[in-house]
Amino acid sequence: MKIHFVGIGGIGMSAVALHEFSNGNDVYGSNIEETERTAYLRKLGIPIFVPHSADNWYDPDLVIKTPAVRDDNPEIVRARMERVPIENRLHYFRDTLKREKKEEFAVTGTDGKTTTTAMVAHVLKHLRKSPTVFLGGIMDSLEHGNYEKGNGPVVYELDESEEFFSEFSPNYLIITNARGDHLENYGNSLTRYRSAFEKISRNTDLVVTFAEDELTSHLGDVTFGVKKGTYTLEMRSASRAEQKAMVEKNGKRYLELKLKVPGFHNVLNALAVIALFDSLGYDLAPVLEALEEFRGVHRRFSIAFHDPETNIYVIDDYAHTPDEIRNLLQTAKEVFENEKIVVIFQPHRYSRLEREDGNFAKALQLADEVVVTEVYDAFEEKKNGISGKMIWDSLKSLGKEAYFVEKLPELEKVISVSENTVFLFVGAGDIIYSSRRFVERYQSSKSSPSRVLGSNK
């Protein structure tokens, strides 16, 4: 079958495209711009067109699109004219899973789903279960970063941003939490949002939930939490090299967990994975071995650069909700106790900024200094009055040292470089390219390590 993917550069879309390519289908696609994923797919021999155009046409049997692709996209218009079936990526993915009839491990929720999915996949690979993995991030141990084909169970990250996620029926499901992100896709109805989680839980054999989550804790056959839940934990130690925690089951000491990835939120992610595999009757010794070996996912507290002479770090992180940012900064302060923490934050989506507003500033105030950029729209239309300046204004009202830049190239004017500083480039948009440019500029100008601050303080 010949399949055309419109928006193939997305992390979820490219994973589905890789799956169809590995199944022997004739795959090609288009994207609005070049990305690391489009470059990777092209190297594999998959034809990629940039940008979108009605001329990007190989007479496909099927066109697959993401919700970000509008109906007036020239390729979608042509597909309708040619009477070629058009399917939403999530719908097609659900139908693919139904056809293949494999054991399914799924992870959904607002925060932590990529890392938790990666942990589940890593454990199953360690156990030699040969999983097929669909990941919303890049993990070095997967053949294609965000995808790997196996002959065992399927592990996938399930994006709750679309209400259709409730139509899936995995065998096993971890719900990390549900904080109302993407509520606009549910008619701004919390009842409708909650109902979607309830629906998928009814279609699942075993559900693991966070015991302290108001919306979904009651859905769990098994729960995990800090002090509340079937599985709880007590931190023993945390350093740059390792975290240790005592896991309790039903209030009794059960086992010791060791992790090489930093952050208390990752301890909770690992606890969810332990709850899942223990409830399924797995021997936990190799599960714990796998978790201790786990090295994380790209853009999740990823150290992109370190200069040992000046003790300057550059870290990339995908955090884009207030809770994720709070977890990130708490981790940074634990790992870098004596360094200055500077955050360069790119808000992601106007709808999220409008909904959360002051919550971003409350999370960001944990940093020593904050630079806020303009919003990365993620294909949303700009909303009047909604701007990154809102966060900047809120930070100033909290007495926090903060700066605002409208365009990413202006970052150079406002970032002050000094020794013993950790620079966190944070967001789900294209802020990672600013991180790389920052490192390049720093390396080329080490002889003059100070920069003049801008005037928009």
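Note that Cβ sites are derived from N, Cα and C of the backbone, with glycine treated the same way.
Database features (Swiss-Prot):
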- GLY109, THR110, ASP111, GLY112, LYS113, THR114, THR115: ATP binding site (BINDING)
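Annotated features, which come from Swiss-Prot, shown on the structure.
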residue: GLY109; record: ATP binding site; CB count, 10 Å: 25
residue: THR110; record: ATP binding site; CB count, 10 Å: 21
residue: ASP111; record: ATP binding site; CB count, 10 Å: 24
residue: GLY112; record: ATP binding site; CB count, 10 Å: 24
residue: LYS113; record: ATP binding site; CB count, 10 Å: 24
residue: THR114; record: ATP binding site; CB count, 10 Å: 25
residue: THR115; record: ATP binding site; CB count, 10 Å: 29
With the ATP site defined by GLY109, THR110, ASP111, GLY112, LYS113, THR114, THR115, which remaining residues of that chain have Cβ atoms positioned within 8 Å of the Cβ centroid?
-> VAL107, THR116, THR176, ASN177, ASN269, GLU324
Mapped onto three states, the DSSP assignment of THR115 (ATP binding site) reads helix
Can you tell me the three-state DSSP label for THR110 (ATP binding site)?
-> coil
